[in-house]
Amino acid sequence: MPRAIVCLLDSVGIGGAPDAAAYGDEGANTLGHIAEWAATGKADRTGLRSGPLHLPNMDAMGLGAAVKLSTGTLPPGLSDRPKGGRFGVGREISKGKDTPSGHWEIAGVPVPFDWGYFPQSVPAFPPELIAQLVARAGLPGILGDKHASGTDIIAELGDEHIRTGKPICYTSVDSVFQIAAHESHFGLDRLYEVCRVAFELTEPLNIGRVIARPFIGETRESFKRTGNRRDYAMTPPEPTLLDRNADAGRSVFAIGKISDIYAGSGVTHKLKGTGIPQLFDRTLEAMEMAGEGAFIMTNFVDFDSEYGHRRDVPGYAAALESFDSRLPEIIAAMRHDDLLVLTADHGNDPTWKGTDHTREQVPILVFSPALAPAEIGIRSTFADIGETIAAWLGLAPGRHGKSFL
Ligand SMILES: O=P(O)(O)O[C@H]1O[C@H](CO)[C@@H](O)[C@H]1O
Ligand SMILES: [Mn+2]
Ligand SMILES: [Mn+2]
């Protein structure tokens, strides 16, 4: 019986979204701009990487061709002649350019409602929400209360947080309430408990996620976020591909952030890891363990959290190259009727203004030893990815999207 593996390259968009202007993102193109900067030496960093973007394995699966299909322009260093697999472009119908919207739609469930967002003002959070959080979680108050980049705000307020015991609360253009606190001075379990309370309080406001952002270090220069991030997310509004496969009695391996993003729904095996190499190892372990009909999904978050939001072009390019160099290991571990899908949930163009996600189309690169190469075009919803996998796994069709195989 077939199996399916999704490697979700968080934020690796390929430009061209027809509605990008409505988000202030017209012209954003994560992969395309990284390739352009790399071709002109602007993605060089001593000791890390240099020269044109080198992604031979993803390119062979159709990455360059997908970017060209999405934007009309072939990025420098990539090729428009894929060697195998099906390649195409995914267009999102959910309105949010956030992680849950992208992931749920990929798993066959576009988001039918508008998320709640916090305004760009200071304070950003409703005073009554914060008053309830402070009272119920027994806090001396909070710091932040604004839109911010997570690494900037711990540099700005980390000292005061350690001194006062007030957690740092911030948001972004996503539907999100984030809480940063020190792992030992404040305590990791206490941070999780505060986030649990915050999730109860923000759910009625349709806020998609509360995220615990623990950090360590004693000074502004040495503060560092740890791998103990935890996301408290709403449950998807309909059964996703994960639920459908689990309900059919098959295994669903959720690797990295995946389980959190689907609120654990439909997950039978949860594997954690920090950083691209470790998440890669977990994916290979899952492929080794997974039986017939299994669905394996890995979120490679670092592209987004370490490089996209940080507007770090050389770092992003190096991470793509490191992922690409290991792709042959997955392909070598595939059985004859395994299906591999590489895709993304939204863009996060590191050459763009600000530090937020960018509305973009995403690559859909599909490989199976059993499949002849072909183009699948621009798909009108990410849900086509979920329906393709559902069909591959022999599940009944869902309500959204169509299989492209
Ligand atoms: O700046 P950091 O803390 O990485 O936060 C980013 O990560 C969140 C989740 O993707 C986004 O909403 C954005 O705010
Ligand atoms: Mn994401
Ligand atoms: Mn993000």
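Heads up, the Cβ atoms here are built off N, Cα and C, so glycines get one too.
Between the candidates H269, H357, H400, TrEMBL assigns the Mn(2+) 2 site shared with D304, H309 to H357.
If you average pLDDT over the domain 'Metalloenzyme' (3-395) in this model, you get 97.
Under DSSP, the residues of the region 'Disordered' (73-101) split into helix, strand and coil as follows: 3 helix, 5 strand, 21 coil. Listed in chain order, the residues near the Mn(2+) 1 site other than D10, D345, H346 are L8, L9, S11, V12, G13, D98, T99, G102, H103, D304, A344, G347, N348, H357, V362, each with its Cβ within 8 Å of the site Cβ centroid. Proximity to ligand 2 at the level of Cβ atoms, with a cut-off under 6 angstroms, picks out D10, D304, D345 from the binding-site residues D10, D304, H309, D345, H357.
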